[in-house]
Amino acid sequence: MKDKVIDGSRASARIREQLKERVACLRARNIRPGLAVLLVGEDPASQVYVRNKVAACEQVGIHSVTERYPSAWTENQLLDRIASLNGDPAINGILVQLPLPPHMSAHRVIEAISPLKDVDGFHISNAGLLMTGKPQFQPCTPYGVMKLLESEGVSLRGAEAVIVGASNIVGKPMAMLLLAAGATVTICNSKTRDLAGQARRADVLIVAAGRAGIVDGSMIKPGAVVIDVGINRGPDGRLCGDVDYGSAAKVAGAITPVPGGVGPMTIAMLLANTVEAAERSAI
């Protein structure tokens, strides 16, 4: 491993530079990767995430279209729009920003996206391909975590990897990617009886529970690699992760900060999936 603090901003910058070259090759063939981002409602955090994604697209030369719709929009209206984008050759990737308003089914909406344009990697077809070890698109956050571990020279073959959190977006696909890399994987959920004991077994500990401070330094094996996927607001309004950074950093061999760790990598891998989709469409 390299530095104790795993800098996701630095790693993502390297990936974006590589993507610029791939985009330039596509544009030399009169192909410009295109990403459509659909935002329903006025969720402030979603607004920020969408702006960050659009800005990242511009940096690497991806054409992006952002469509904002009111919360009163119906699910059928959104499904109709997705169907139209599925057939648009200028759009290689479709991203529906979550969460959606309560009257919409995220499952039905995600399943309406063509698996060939599902650059978030959430469609059931892409989840199945990931499960069988032949992914078409890897979900962006787990994909970014794997790239971070690779950039730090972390060997996963035979390693004990523990994931705190079992969501469809992070925990479950993260487990599949770690298994494919040769790790022995344990997933902890809200019913896990001895979370601290499980966490202390980890050579690589990935925390994605959505709860600030659920893991602290007393739960970490000395020298372990700690990846904090969480993003929360502390009592002071500042961003914080699921790991108590102060105590964890004293024990861990390497650790990601929040912000500046996994977040930039998630966006970088969204761009990578979009470029990959464009390259496939050009074959």
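Including glycine, each Cβ sits where the backbone N, Cα and C put it.
Not measured: the values here are computed from a predicted model.
What Swiss-Prot records for this protein:
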- GLY165, ALA166, SER167, SER190, ILE231: NADP(+) binding site (BINDING)
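Shown here: features listed in Swiss-Prot, placed on the structure.
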residue	record	DSSP (3 states)
GLY165	NADP(+) binding site	coil
SER190	NADP(+) binding site	coil
ILE231	NADP(+) binding site	coil
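The NADP(+) site in the record is lined by GLY165, ALA166, SER167, SER190, ILE231, and its two most distant CA atoms lie 18 Å apart.
For the binding-site residues given as SER167, SER190, the lowest number of other CB atoms within 10 Å of the residue's CB is seen at SER190. Taking each of the binding-site residues GLY165, ALA166, ILE231 in turn and counting other Cβ atoms within 10 Å of its Cβ gives the largest count for GLY165.
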